[in-house]
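Trainee: When I checked Swiss-Prot for this same protein, it listed these features:
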- ASP32, SER71, ASP240, HIS241: Zn(2+) 1 binding site (BINDING)
- ASP32, SER71, ASN92, ASP193, HIS241, HIS356: substrate binding site (BINDING)
- ASP193, HIS197, HIS356: Zn(2+) 2 binding site (BINDING)
- CYS142-CYS154: disulfide bond (DISULFID)
- ASN100: N-linked glycosylation site (CARBOHYD)
- ASN118: N-linked glycosylation site (CARBOHYD)
- ASN341: N-linked glycosylation site (CARBOHYD)
- ASN406: N-linked glycosylation site (CARBOHYD)
- SER421: GPI-anchor amidated serine (LIPID)
- SER71: phosphoserine (MOD_RES)
Amino acid sequence: MAGKLGVLLLALVLSLAQPASARRKLLVFLLDGFRADYISDEALESLPGFKEIVSRGVKVDYLTPDFPTLSYPNYYSLMTGRHCEVHQMTGNYMWDPDTNKSFDLGINRDSRLPLWWNGSEPLWVTLTKAKRKVYMYYWPGCEVEILGVRPTYCLEYKSVPTDINFVNAVSGALDVFKSGQADLAAIYYERVDVEGHHYGPSSPQRKDAVKAVDTVMAYMTKWIQERDLQDDLNVIIFSDHGMTDISWTDKVIKLDNYINLRDLQQLKGRGPVVSLWPAPGKHSEIYNKVRRVEHMTVYAKEDIPSRFYYKKGKFVSPLTLVADEGWFITENRESLPFWMNSTVTRKPEGWQWGWHGYDNELRAMRGIFLAFGPDFKSDFRAAPIRVVDIYNLMCKVTGVTPLPNNGSWSRVMCMLKDPASSAPGAPPCACALVTVLLVLLAILA
């Protein structure tokens with residue numbers, strides 16, 4: 001009797017130990033600056049590629065980014081499931097007073113130092129450490145050695161990828177999936193963000209950029225079928241933030257009108273969020289001057305709202321300036337960000353007309369999330385999610401155990417065909433039951 005009971009208990013233990021879902025391949029798209037309403041129900045009527053994806057998969061109402069609603073902080077929140085103050089990538093421009101090193105939009109040599117990147121482990125590092133094969137195309141940071149690890153393949157971002165680059169990346173990613181060379185492929189596309197900055201979020205140029213993405217999405221769904229990948233490949237599409245209109249004629253805050261810039265030890269960033277390090281002995285003077293400036297809010301580090309999940313960041317400055325929506329903070333008029341024309345002369349052609357970085361609860365800062373594939377429901381609309389929630393979902397469909405994170409599994413589990421399945425990794429109740437059963441087996445032995 002004991003022997004039969006032991007066999008039954010062993011079978012139960014083994015069944016509980018199995019992963020909740022089969023491990024499948026994952027293709028991820030990061031569409032920079034793609035605002036939620038760019039694929040509203042009305043907009044989808046003229047976007048057949050996205051419309052097909054929505055009908056075949058999951059679409060959330062909107063995605064709330066982390067504060068600040070800038071690119072690098074949200075790149076890392078997406079891939080770690082952690083808020084900015086946890087993973088430490090707190091801006092597009094950062095400064096470390098201890099080493100006098102700067103992170104400048106990832107383009108300067110010091111931006112590749114482990115100092116900025118080793119605060120958390122992104123998904124591609126976790127997968128690579130697990131001997132999984134990762135291919136990344138233009139993804140910012142894939143060229144950096146993080147925690148001693150690089151992905152299997154990184155096509156480094158050096159300039160804005162063209163539409164042809166994007167098409168080739170999608171086709172190449174599907175080819176390496178088909179040949180068994182990749183378990184995860186991640187593709188970054190920037191044109192929607194670029195056109196939104198240059199011409200504004202409602203401009204024809206921005207709309208043309210979305211249509212260009214839509215065309216590639218339509219080809220992608222066709223190519224997946226042609227390569228017979230539809231039963232083994234999940235696709236997840238998200239953005240890092242939205243975009244809002246800005247005005248250069250009457251909504252610019254020039255700091256040199258209020259403070260002596262020589263009283264600053266360091267200044268980083270311009271636009272919606274600016275970081276100030278006052279010179280020794282100048283903190284109170286600078287604070288009292290800038291806090292009277294209209295159309296922006298000034299926070300001492302300890303007073304930053306907790307809902308931003310920002311103030312505990314290692315590289316957060318003593319004073320943070322946050323502009324009202326549509327306003328732009330800069331050192332002086334000479335520092336306004338002209339954009340260059342495409343002619344040989346490369347002369348400044350005009351000011352930019354769109355920006356992001358504002359309060360993450362603003363409607364214009366909302367991003368997108370779409371997913372389809374064998375693990376996802378079809379024609380399913382989900383409630384809003386937050387940028388940190390996506391990490392757990394990616395871990396789930398790739399079959400890896402997530403690291404500790406700030407995401408909510410309850411907000412994303414409804415998207416899966418098997419919503420009753422456990423969160424990534426063994427659920428606590430199952431783990432406890434397995435332990436009890438193992439003890440019983442030991443007693444019966």
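Just so it is clear, glycine is given a Cβ too, placed from its N, Cα and C backbone atoms.
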Trainee: Tell me, by DSSP, whether HIS197 (Zn(2+) 2 binding site) is helix, strand or coil?
Mentor: helix
Trainee: Listing them in sequence order, which of the recorded positions SER71, ASN100, ASN118, HIS197 have their Cα within 10 Å of that of ASN92 (substrate binding site)?
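Mentor: So far as Cα distances go, the recorded positions lying within 10 Å of ASN92 (substrate binding site) are SER71.
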Trainee: Which Cβ among the binding-site residues (HIS197, HIS356) has the fewest C-beta neighbours inside 10 Å?
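Mentor: Among the binding-site residues HIS197, HIS356, the lowest count of other Cβ atoms within 10 Å belongs to HIS197.
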Trainee: Of these glycosylation sites, ASN100, ASN118, ASN406, which scores lowest on Cβ atoms within 10 Å?
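Mentor: So among ASN100, ASN118, ASN406, the glycosylation sites given, the one with the fewest Cβ atoms within 10 Å is ASN100.
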Trainee: What is the maximum Cα to Cα distance, in Å and rounded to a whole number, among the residues ASP32, SER71, ASN92, ASP193, HIS241, HIS356 annotated as binding substrate?
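Mentor: That value is 15 Å for the farthest Cα pair.
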Trainee: Which residue among the disulfide-bonded residues CYS142, CYS154 has the fewest other Cβ atoms within 10 Å of its Cβ, if you could check?
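Mentor: Among the disulfide-bonded residues CYS142, CYS154, the lowest count of other Cβ atoms within 10 Å belongs to CYS154.
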Trainee: Please identify, among the recorded positions ASN100, CYS142, CYS154, ASP193, the one with the smallest Cα-Cα distance to ASP32 (Zn(2+) 1 binding site).
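Mentor: Checked the recorded positions ASN100, CYS142, CYS154, ASP193; minimum Cα distance to ASP32 (Zn(2+) 1 binding site) goes to ASP193.
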Trainee: By the count of other Cβ atoms within 10 Å, pick out the sparsest of the binding-site residues SER71, ASN92.
Mentor: ASN92
Trainee: Which residue among the binding-site residues ASP193, ASP240, HIS241 has the fewest other Cβ atoms within 10 Å of its Cβ, if you could check?
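Mentor: Among the binding-site residues ASP193, ASP240, HIS241, the lowest count of other Cβ atoms within 10 Å belongs to ASP193.
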